[in-house]
Amino acid sequence: MLSHFSYKSSPLFRIAGNDWVAATRRGFLLTLPLIMVGAFAQVLLSVPWISAMDGQGRWLQIFVLVRESSSGVIALSLVITISHVLAGLRQVKRRLDFNPVVAVTVALMSFLVLMLPAGDETARNPFAVQAVFPAILVALLATELFIRLLGVRLLDLRAYRFNDGDLLLPGMLQAILPASLCIACFVFVQQMLGLGGGSVSSLLAGWTDALFAPLDSPLLRMLMFCLLSQLLWFFGAHGNNILGAVEARYLNAATDANAAAVAAGAVPTEIFSKPLFDVFVLMGGSGTALALLIAVLLFWRGSHQARLARFAFVPGLFNISEIIVYGLPVVLNPVFFIPFVLSPLLLVLVSGFATFSGFIPPIHQAVPWTTPPLLGGYLATGSWRGVALQLFNLALAVAVYAPFVRAARRQFNELRQHEFHESLRKMEALTTNPGANLLMRLDTVGSLARQLAQDLMLDALEGRLHLQYQPQVNAAGRVVGVEALLRWDHAVFGAVPPNIAVLISEEADLICPLGEWIVDQALRQQAQWLAQGMTGVRMSINISPIQLQDARFVPRLQEALARHGLAAGNVELEITEGRAVAHDDATVQTMIDLMTMGVRLAIDDFGMGYSSLLYMRRFSVDAIKLDGSLTREVSGNRNCQEIIETISHLCRTKQVRMVAEFVETEAQRDLLATLGCSEYQGHLYSRPLLPEDCRRYIARCNAGFEPPAPTEGAEVSRM
């Protein structure tokens, strides 16, 4: 059934896309370094030979300090991270003007109101793992309430203006009353819950005691304990710690009763004890996490998740599951809900039956919960049967997890593709905006842009970037040029549109090295074609206006031409007119140097505005390429036809070629010809082609034409 599961069309997709769920999962991810530090400190504390070598106990004290420091503030950290993420999501989606730090501060105050016990200096740390679940709820509720109160006009104190105040003052005035009301609401909740100076943790302990009291059967108590602990873990709370009182009252008591029976020479009778649960059920930690790690390594190979599983495997051997539970994540991941809860319940029944049938004896001695699998089975039972039961349970849990891991893999791929295409759609709308600032955005668009920026040059080195070439054809049908077009096949997302790749590279200050790579690849290809006898075809290369401000651009272009044995006249640089150019001294000097070299210059996307006429007035331009919005609509739009006619008159006066892109039909081509276009580029002739396909296309089209005489500075360099 899961093989035909479509995550994108299921309610799970909407659940995972919910802002509260997204904020919680990202909040846990942001605390992952803290969790990992504590996990590895616990691993080191569990290694026996470290204790043996540490005579004075200094290292053990350090490891305990690190573990307690990381776990002691985990709830507080989650309030901060979840609140900040949710505030950022609300700020972007609703276009709200407020400082997310204020929302975090309000959430922290609300959390302290609920969790700090009044006048009880002996209370447990209210910020530790047992407070994780309240931390999640308070972070979400307080942040949401505060943001909604910000929209109430009657609570906005910005009407009282302070013209000489700090720029942050208006925002703080806006937040005073909403923050006060939000915190007051949590004070009211604290009083209504009847905490009476206690804390939410003590309230939860009372509820759990009341829940277990009516259960007379040890099996039912064990199943209820297992179910509740796994549910709490799934929602991000440390189930074993929250249920610590129940564990001590029933499971530890069963172990003590067995030990007392053995000491008295009697046969132990308690089946469901804490060692049974720790050793034969929670292998790898909560949710039988070791089985999940194995399933991920087997059925999600080559992924980021598999790398995380390898990293979490060593802590998993010591039954520390936080890395995989929070990092994969399992928390609030609907696909993993069933196996995460079902696997431990199933293993409780199997282990209980194995004990009841006499395959293993009732466990009467305590086994540290950090004891690795197999060793733990032997220590608990004193025989190979304990090891065999652990192996059987582990294999059974892996079988339970396997189909869900496959479904999670499909979920992840569908979700990533959905987010990718949604973000691409938003990016496309921003590509013509000079102030897009994709890398600075706090939403999924910004996250994707930053990841693409990080991967861009690495993918260039790994061969995931390449060039395709689209022929440019004159009125007679001869191919007179090709345009080198960037193609990026991302390892995860697939094809990335070139305009987005360029925009991201510009914002990330990568456009100059990327541009040098494109120039080198295009010139290398043209040199190969010339060596194969393909003459009279110029190479058009797009450059960003930012490259014109780089003093190294012209010298490196000269080096590339010399390296490939080409003259400057073989190259036509297309400057994108759709983005503003800074007409400073550096840009002007670069343009003059290019003209002096003999490099052809063309204006791409002519008609977008910005600086095209200034180009034509100050520099010698060889060609203009009409903006696609003009050529696409020319057949049915008289305004486009008149604009093209005007541009054509200017081109004839300045003796400049006019090239039409996006030519799809013969009727469109014929109309553009009557309007003055002399060269055409589009799917009517050819889509962008790989180098060898392009060479064959050019050879076929130009077979009936005499090779043109080389113009000055063109073809092979004589230097």
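Any Cβ shown, glycine's included, is placed from N, Cα and C.
Worth saying up front: this structure is predicted, and the values here are computed from it rather than measured.
Marked as domain 'PTS EIIC type-3' by TrEMBL: 5-404.
Among the features that TrEMBL reports, transmembrane segment is placed at 28-50 (among others).
The feature transmembrane segment is assigned by TrEMBL to 70-89 (among others). Tertiary neighbourhood of the transmembrane segment (70-89): same-chain residues 19-20, 22-24, 26-28, 30-31, 34-35, 37-38, 41, 98, 100-101, 103-104, 107-108, 111, 115, 125-132, 134-136, 138-140, 142-144, 147, 236, 442-443, selected by CB-CB distance under 8 Å and a gap of 6+ residues from either end.
Residues or ranges marked as transmembrane segment by TrEMBL: 101-119 (among others).
As annotated by TrEMBL, transmembrane segment applies to 131-155 (among others).
According to TrEMBL, the feature transmembrane segment maps to 167-189 (among others).
Same-chain residues lying 6 or more positions outside the transmembrane segment (219-236) and placing a CB less than 8 Å from one of its CB atoms are 24, 28, 78, 132-133, 136, 208, 211-212, 242-243, 246-247, 250-251, 271-272, 277, 281, 286-287, 325-326, 330-332, 336-337, 340-341, 344-345, 348-349, 352. Feature annotation from TrEMBL assigns transmembrane segment to 219-236 (among others).
Annotation source TrEMBL lists transmembrane segment at 279-300 (among others).
For 312-331 (among others), the entry in TrEMBL reads transmembrane segment.
Annotation source TrEMBL lists transmembrane segment at 337-363 (among others).
For 384-404 (among others), the entry in TrEMBL reads transmembrane segment. Residues 2-3, 279-281, 283, 288, 290-292, 294-295, 298-299, 335-336, 338-339, 342-343, 346-347, 350-351, 354, 359-360, 373-374, 376-378 of the same chain lie 6 or more positions beyond the ends of the transmembrane segment (384-404) yet place their CB under 8 Å from a CB of it.
According to TrEMBL, the feature domain 'EAL' maps to 449-702.
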When you scan the chain for residues with a C-beta under 8 Å from the transmembrane segment (312-331), skipping those not six or more beyond its ends, what do you find? 24-25, 28-29, 31-32, 35-36, 38-40, 42-43, 46, 233-236, 278, 282-287, 289-290, 292-293, 296-297, 305, 340, 369-373
Where does the mean pLDDT land for the domain 'EAL' (449-702)? 85
Against which stretches of its own chain does the transmembrane segment (337-363) lie, if we need a Cβ under 8 Å and a gap of at least six residues from its ends? 219, 222-223, 226-227, 230-231, 233-234, 255, 258, 268-273, 275-277, 279-282, 286-288, 291-292, 330, 380-381, 383, 385-386, 389, 392-393, 396-397, 400-401, 404
